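Residues or ranges marked as repeat 'PPR' by TrEMBL: 76-110, 177-211, 278-312, 381-415, 416-451.
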């Protein structure tokens, strides 16, 4: 156009500048700006507005504001709103308020759009005081009944977690549309108030507002938190009726919900229906299998995930590692370790810690220590230290456990409740009564850590195994809160070694049975104590209760990994292809055990 001696005018430049803006071509936009200045079109409002758009979109607020400062024609509410809007959209909260201050200096009254963007900027600044100041301006400006402004205010309070302020505003709002209800439902669900979210969902239905996709997601999340399966089924039916079930995000939420509500088969059916499975879809289903002790299914699904070309992240690996641990699949842990290194995920401390724990639980304590030592001493957080302490505790290596504990203190890393639980556990496993008492006292007096149920359970177990049953009884009596099953269990077990403590055993068992009426192990343990004391009436009574209530002890289960393949075994199970050979070997081992005069002192029920 210019080459043919045809010069652009004030209508041409806006189109050219907006084209540059659409392409993200700031450099050519600057060239056009040069033409504008050269030909004197820098005083035309539409041209200036187009220039402002390109600089605002690129985040060049210096050029943008210089453009406004140097041009007297650039004035009025609409122009200031454009500036404030783009600053807010680009996360430049302070710039938004600076522009607003200049706007007010020019005696220009704010509009609803101004307030909405100032509230958006308050969120980006994460400032409650600034947002409440805008709320005051809203009231002064007579915009308190504007639905859009109230929605922005509600969103501000919700995003900053100020639920009480949000509820007060919500109750006063004269109008409530679907967006308003969704904000409140989502805020309550996100901030740990699922019951309130469900109540709001009911209120939304009573008010005649039709729920949409953005209602379904937080509502399903609330159902998941409450494990309210009947409400979950209703939400599932609702999304199908409203056509939201084709959304992958809804499917993922439903998978998670059914897994958390112990409906794994329903979750699996939904998972199979999802055509375009995302990383979240795979991870949710894998996590569901792991949490329900279906480790082989979880590993199989992970293998399918890799085969389908889905990119794995560190969260997926952390989720699948417990499945390897549950079945003692060390080779799978090694594979996941190598996979994470190959994928560039090995530098993440959370993943390293998960691998450390997995190696330790699979019996490879050397590899766990290697991972621990590879991390610089200053980079180790308390979780890493605790993981290694707990690993040694479970392996009964009390020397290494105490050595790490001392090094932890020397490096100015303050031990926490988990640290002391690990140390007390190693004391229990190694019979270190004196050391256990010292650590328990040090925990309270030196570090101000108040013991919880697990710490007391360790101490009761430690004292009970050492035969200090009176001391264990007194410790339970001195607890500042009501003991739970974790404490009564070790006390009952301690009574098994002392036949004269049948009364205490009955008392502890009564507590346990009240707390865990369907746990067959408690009845069996008390029955064994009666048998050891020769109280056969008590044995008969326990057997009768088990029979009448239909309680059975869960059969033992173990796994063995050979050449990368995991074999599963259950008590009295003969389903394995080589069961005849296995039982023959077990018979030989039993004879050899008897030859070394091993005696089984406990009669199995």
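All residue numbers here begin at 1 and follow the chain in the order shown.
Each Cβ is built from the backbone N, Cα and C atoms, and glycine gets one as well.
No curator has checked TrEMBL annotations; they are predicted automatically.
As a summary of secondary structure, the repeat 'PPR' (76-110) carries 26 helix, 0 strand, 9 coil according to DSSP. Across the repeat 'PPR' (177-211), DSSP helix (H, G, I), strand (E, B) and coil residues number 26 helix, 0 strand, 9 coil. Here the repeat 'PPR' (278-312) has, by DSSP, the following mix of helix, strand and coil residues: 26 helix, 0 strand, 9 coil.
Taken residue by residue, the repeat 'PPR' (381-415) breaks down under DSSP into 26 helix, 0 strand, 9 coil. The average pLDDT computed for the repeat 'PPR' (177-211) is 92.
Across the repeat 'PPR' (416-451), DSSP helix (H, G, I), strand (E, B) and coil residues number 27 helix, 0 strand, 9 coil.
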